[in-house]
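Student: Here's a structure for you.
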């Protein structure tokens, strides 16, 4: 897109006159924009000039206010607000100056022209060092430029007649004068011209008004600007950013960065860099030999300063920037031999006397003017003028009476008095009152109410008579309207209006008196009949009025007759002008008879004259197209042949229409009947069910569950426990085996249901390596698995003999031994013999299992403890428990645990539970209600071990019945699969 900015502006941005004869320097604030941060810029479809985008009054923050939903090139009030306000990260403020040069043809006009107006090229987002990822935009020659920015100006001007404002350019330009919109050229557009004569704005000459200028460049590819101005713009004050009446927030300045008191209070050095305040870490560098610095938070740097030498009239200090002593002279000081003489009151300056001491003198303030009072204040001579004083050569003449002022005598050494109260006018009397001259008009009243009394400087008093005036007693009756003449009444004390009579005796005339000259007028009434004492006025000529003949006063109406004697015309009288018209009747046919006409109302049934013309005949219009797949009809005389959808036109006068495409209707071979043809939905597969869905004729193919394609027939499995497979010849065969659902777990019942294989666990069953073993709640008489032997189930009895004749030994139901003390019993002293040493052999279980059993014995897991047993105890079928092995990890007959010989973990003293070494491959040890049990490794319902519970404080793993358990449910989730839930107690 070719785009121009050719602006001829009569304005001053924010300016400073460098040379009042040659140039004007204009200060502007630019906000650099980029399409990647504000999508109001580089719009794909600019759209041209868009007036009315902003409100006619300037906003409270002196920027334009967007009118909502007015432009497709402005996305929202938020994006528009970023054009002329500081938004860190969205735009960048940049100060800019334009120099206007005085016109050579008109010295009151200054101008600036630039055919490549890119004021911030290489700056802001165009600086690739700081913003390397911002897009580059180029002109038609391929030269990169910064095309996206908004410029704003705020100033004041004193209006003078003849000021004008003219510009020619493109893109958004708004100018406000006195905060009112005077130039409205919004949008992205081509060149447009506007000129303003400020004389038409209703401004007061010499009065100061605010001037606000806003301009945005929002699109490629060219930029031109030409400015002219005759307006004298000024600014009351600039902020540190160079913005007229700004608040200093549009840029990084010394006040908000370098000299920010908060930085100094915390010993931080800050300076502006790329319009961003960069701060250092807190520090107070030493500046010896003058100072040593210490940082005190919220106070700043504290320094110890040296004392510098000085003379009598000098102040000395150590410069912290140069680290050197510097001296400055003391104002109004004279160095005398005996010390400094400092003048504190300049009206009495101090000086040295001959002895080197200070003496005071007086300042001479005489201005040799006799009309001033001369005084001295703070060393400055003040000459106060004496009111009403004339300065003569040798004296001052002061006037005390303004009617008789004092003036200088001819010699200038004395005063004379003047007389001023005489205006030399005939019509005034002259007086002097309280020192002021009074000139009072003379009284010319002739006591005549019908005269106007005035005074003429040449003639004196003049008495001019009033027209149409009658002098009454103490008042004048003046007639201003001769249609209502004023006369004296009530013995001359009152004026009364008497209307003028203008009746001409004609009932058909409108009589009136014309003010103010009193002329009678008689207007003849239109369409009026004079009936003597009254009139009859016709308002509607289709019903004229006439005088009655019965002696009454009621007018008679006679309707006007309109008839052209034609049967096919409509005769009417038009009110109120009474004109007769004859309108032809549409669709009417005149017959042979003179007054006979036939009117057609329905063109599908036209009306015609009879053969002899004495009557009308109704006929019918034929619309048959002889197509049996159309519906023939006549509407308002128009034939319609609507095509019947999905219809086949047969040969013998019928049409076959299909309403359901699952059953299509076609013509029979003879063409006189329709026949039905079903839609073929067969997909050629045996394991699908075909269905046609009407009326659209959509074929669906539903897969038959558990069906496989065989050569001869489809094979459908109705019972998952009896699957059907393809035979060698393509026929169906049943494929049933006994081991289909066997999970190789002796403690489960394996069944096949409609859902497939189901496995139900037997309660109280332990899965041994060679069959199952059902346990009992009686832990004193226990069934367990022989993991180290034949892997079958065997029975054990817990012995609780403590070899103490004074105790009664009990095996509790919980599996604990209880020794009841007997009364009146004495325990004999035993002979102390060391326990025999049992040395493990190579035939015992590995060191990670039972380390306590010698050859010929095996380890059993009883109540969670490993214990050593021999094969039998002499024929009763119950293994006999033996002593353990010596060492720190085994028990002995005299140990505190009763010499059970079970394995203990080093340093813990806790009985070792069953672990992975006691369960075959694919199984793991779980403890259910205190009883160890090998279960499948993926058995998710039981996952706590006694060892885990013991680490929680000597607890044991138990299972409780799960209330959420759902038996025989295929695809159970979470804990609904588990009949028991593990818990530590």
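From the backbone N, Cα and C atoms, a Cβ is placed for every residue, glycine too.
The annotation domain 'PA14' is assigned in Swiss-Prot to 102-247. Residues or ranges marked as N-linked glycosylation site by Swiss-Prot: 127, 309, 491, 517, 527, 592, 620, 696, 735, 786, 824, 842 (among others). For 1-20, the entry in Swiss-Prot reads signal peptide, with the evidence type sequence analysis.
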Student: Using DSSP, how many residues in the domain 'PA14' (102-247) fall into helix, strand and coil?
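Tutor: Helix, strand, coil within the domain 'PA14' (102-247): 7 helix, 63 strand, 76 coil.
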Student: Looking at the glycosylation sites 127, 309, 517, 592, 735, which sits with the largest number of other Cβ atoms within 10 Å of its Cβ?
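Tutor: Answer returned by the neighbour count: 127.
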Student: Would you please pick out, from the glycosylation sites 491, 527, 696, 786, 824, the one with the fewest other Cβ atoms within 10 Å of its Cβ?
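Tutor: Sparsest of the glycosylation sites 491, 527, 696, 786, 824 by Cβ contacts within 10 Å: 824.
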Student: Between residue 127 (N-linked glycosylation site) and residue 309 (N-linked glycosylation site), what is the CA-CA distance rounded to a whole number of Å?
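Tutor: Cα to Cα, residue 127 (N-linked glycosylation site) and residue 309 (N-linked glycosylation site) are separated by 53 Å.
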Student: In whole Å, how far does the CA atom of residue 517 (N-linked glycosylation site) lie from that of residue 491 (N-linked glycosylation site)?
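Tutor: Each residue's Cα considered, residue 517 (N-linked glycosylation site) and residue 491 (N-linked glycosylation site) end up 28 Å apart.
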Student: Just the number: how many Å between the Cα atoms of residue 592 (N-linked glycosylation site) and residue 620 (N-linked glycosylation site)?
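Tutor: For residue 592 (N-linked glycosylation site) versus residue 620 (N-linked glycosylation site), the Cα atoms are 23 Å apart.
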Student: With every protein chain in view, what's the tally of Cβ atoms within 10 Å of the Cβ of residue 620 (N-linked glycosylation site), excluding that atom itself?
Tutor: 9
Student: Between residue 786 (N-linked glycosylation site) and residue 491 (N-linked glycosylation site), find the distance joining the two CA atoms and give it rounded to the nearest Å.
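Tutor: About 158 Å separate the Cα atoms of these two residues.
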Student: Among 491, 696, 824, these being the glycosylation sites, pick the one whose CA is nearest to that of residue 735 (N-linked glycosylation site).
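Tutor: Going through 491, 696, 824 one by one, the Cα closest to that of residue 735 (N-linked glycosylation site) is 696.
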Student: Going by Cα-Cα distance, pick out whichever of the glycosylation sites 309, 491, 620, 824 is nearest to residue 527 (N-linked glycosylation site).
Tutor: 491
Student: Can you work out the mean pLDDT of the predicted model over the domain 'PA14' (102-247)?
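Tutor: Over the domain 'PA14' (102-247), the predicted model scores a mean pLDDT of 87.
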Student: If we check Cα distances from residue 620 (N-linked glycosylation site), which of the glycosylation sites 309, 491, 696, 824 wins as closest?
Tutor: 696
Student: Among the glycosylation sites listed here (309, 491, 824), which has the Cα closest to the Cα of residue 696 (N-linked glycosylation site)?
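Tutor: Nearest listed residue in space: 824.
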